[in-house]
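Here the structure comes first, spelled out in structure tokens, and everything after it is commentary.
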Amino acid sequence: GFVVGHAGLYQALAMFTVAYFIIGMTVLSVCAIATNGALDAGGAYYMISRALGPEFGGSIGIMFFLANVCGSALYVLGLVEAVVDSFGVPPGQEKGTGVHVLPQSYWYELLYGTVLLALCLLVCLVGASIYAKATFLIFLIVAVVLGTILVSFFATRPLKVPIHLPHLNGTETDNGFFTGFSLDTLRDNLGGGYGVDYTTGQMMSFSSVFAVMFNGCTGIMAGSNMSGDLKRPSYSIPRGTISAVLFTYLIYNLLAFLMCATCNRILLQKDYGFLRDISIFPPLVTVGIYAATLSAAMSNLIGASRILYALARDDLFGRALALAKKTSASGNPVMAVIISWLVVQVVLFSGKLNTIASVVTTFFLLVYATVNLACLALEWASAPNFRPTFRYFTWHTCLLGIAGCCVMMFLISPVSASASLGFLLLLLLALHYLSPSSTWGYISQALIFHQVRKYLLMLDVRKDHVKFWRPQMLLMVQNPRGSARLIDFVNDLKKSGLYVLGHVELQDLDMLPSDPLQPQQDSWLSLVDKLNVKAFVSLTLAPSVRHGVRQLLFTSGLGGMRPNTLVLGFYDDEAPQDGLARHPAFTSAREEVPLGFPPLRAPTTPKLLSAREYVGIVADALKMLRNVLLARQLESLDKAWELRRAASPPPTIHVWPVNLLRPDSARYADTCSLFLLQMACVLNMARAWRRARLRLFLCVEAGTMPHAQEEKLRQLLKDLRIQAQIQLVPWDAITRLHWQTCRGPPGGPAEEEEEEEEGVVNFPTNATQVSDEYVCAANKLVLEQSPAPAVRFLYLPRPPADTSLYPLYLHQLELLTRGLGPTVLVHGVSAVTSTQL
């Protein structure tokens, strides 16, 4: 009557349609989730938490608990209003007459509400079975009352109904009319005619009337809230909920039409209890109203307690809800019931029914939107295990449900909606950082997988362009204990590219009962988390390290995301140091350092890898067109780390883009030199290294026009947008050593042969052409450049084609980098720099 009186028949039917459309979409989602596996206590909370994860589940659980609590208070206040209407002393009179004996005031009405709530508490404390019996009895009473009301519309003759309303000067009397079926009455009631709500004194509007009306539709979760108490929830919830929704929709529409055709607007707007006046048996209507509101109050109270119990049992809020876990011998969560009762009692202090209606409606709409979101996420994730037996839903219905809920939420009360969303966001953030990890499975992982797979398929390697090149690193790690700082350093070098930590286990699967790599996977993933690096882990079994690295270079990555750069630690005789224990990530939690990794190799223990095999790995990577980085003494980078944090002077990165082992082919614009420049620049772009300054060393000989060379290099840096300081380094004395041991003078046959081979940069006689004396002099030249840098980038020559020269090649690399501190030797095979826009 309230809805029809203010909104008129057309708008009332529109309200019912909108409300039931939203509810219908949500019911389809509820049925889909309810029939996809076993349900437990908590209804919507259980569905959402198991679908969207603990953060969403916990925050929506609290919201839904509050919605049910406020709903329970709402129905208790509605019942008080009905009781006072029937038995209250009329306004303006000191003493009542006949049955009108109950005093009316804020405190008296609070007292009546408290008594009625205590009655609900008693029923809920006894348990779900008596609640089920009580609600069935109430259902029968309401059905009988409804039957008499429908008969009354036809059987009652037209009559005048006197209405007494409180007014500033006492009471105001008006007359409403029950006209019986009349076309004029129907015509008058078709359009809207919003007036003042006599219980609150506020002017009504479409949104405020819809907010009050929607509370009559929020019971769709009553069945699913009891999911823990039902024998077959996945069977009962869909059938019970859908039939209840259809039944109430038909009854509401029928009542709206009958009221519009028989009651004038004054009666509908100014006497919300008018059905008593027109009934063939008035006391029965009173009983029906009491029964319906009592049932709804109990339903919300028991629903709230079950949600609170489920939240407590899942330990999402730790000790805060520990008390709510306690149950009776029969399994009834008595403490959750008592806590819910206390919160409802607090809400009762608000006093007026229509005041809290918009808050309750907003909370319920938010919960319904999230149920739809949960179903939508499950549907979009396309997980094979999401196969509900209820099939009458699609992602469209979920999306429509979400949109409908959100739009109505803001239409009803923009302030309540914004506050509810803000509160939800706070709970989400709190749970994200505080809640323990769960074993429920995260829908986010399924959705991410779905999207990543889709985008990986779209990532076409044939469309690669040098402008958008980025380093994709495969770092080989034998034992992370000795490589913690190197792992950190390569993380800075990757520039948003792929980063894979590779490890080779030297075992034969034929001789093992099971895969030994599976137990290790967790240790590696924990390491990645602890070091806070954005890396994947790829482990393999192989008969030798070289075979294992080949496997990883061939198989690591997926589609367009494959490593293009291999990073190795340097092969030398230094005893490995446990850098993991000294790493900042572990200094505060030393007991967690082991992580399941074996202790480091003792200096006397032979290596798993020979020098020849190590150089063979470098040669293999270059044959596969992978760039190669060899990192030496990166574990001593903590000093540079501190230097980087110092106020001044800024740390430097030294770049030597010339092949120091081939002074007769000193060029700065070959592919390898440009790659070396790019890697130094990429490091400088990383946030941690932005204060560092690049210093580029240009090796010049007498009589070669050094300034022209410098200008040419400066122009190249300008074209590549690389900011670096150029420093000229005379190296006549060092090259002289080279020519003394070289077979021929500059410009001889050896150099001509090299000129022809430009682009391949493969020097068959590379190692034989340079003496140890020359390499030591080159090492000294690099070392003399001060101040000492944080890290040096040096040109890595190709390994010789003759494999017997591998040990000599490695020996000369060791001499070249000896004592230089953190050094990266770089060999690039792909064009990576671009001067295009």
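Keep in mind that glycine also has a Cβ here, set from the backbone N, Cα and C atoms.
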Residues flagged as transmembrane segment in TrEMBL, choosing from 203-223, 665-685, 686-706: 203-223
Predicted model, mean pLDDT over the domain 'Amino acid permease/ SLC12A' (1-474): 83
For the transmembrane segment (136-155), sequence-distant contacts whose Cβ falls under 8 Å of one of its Cβ atoms, 6 or more beyond its ends: 181, 251, 254-255, 258, 262, 275, 278-281, 284-285, 287-288, 291-292, 294-295
For the domain 'SLC12A transporter C-terminal' (485-573), residues assigned helix / strand / coil by DSSP: 38 helix, 22 strand, 29 coil
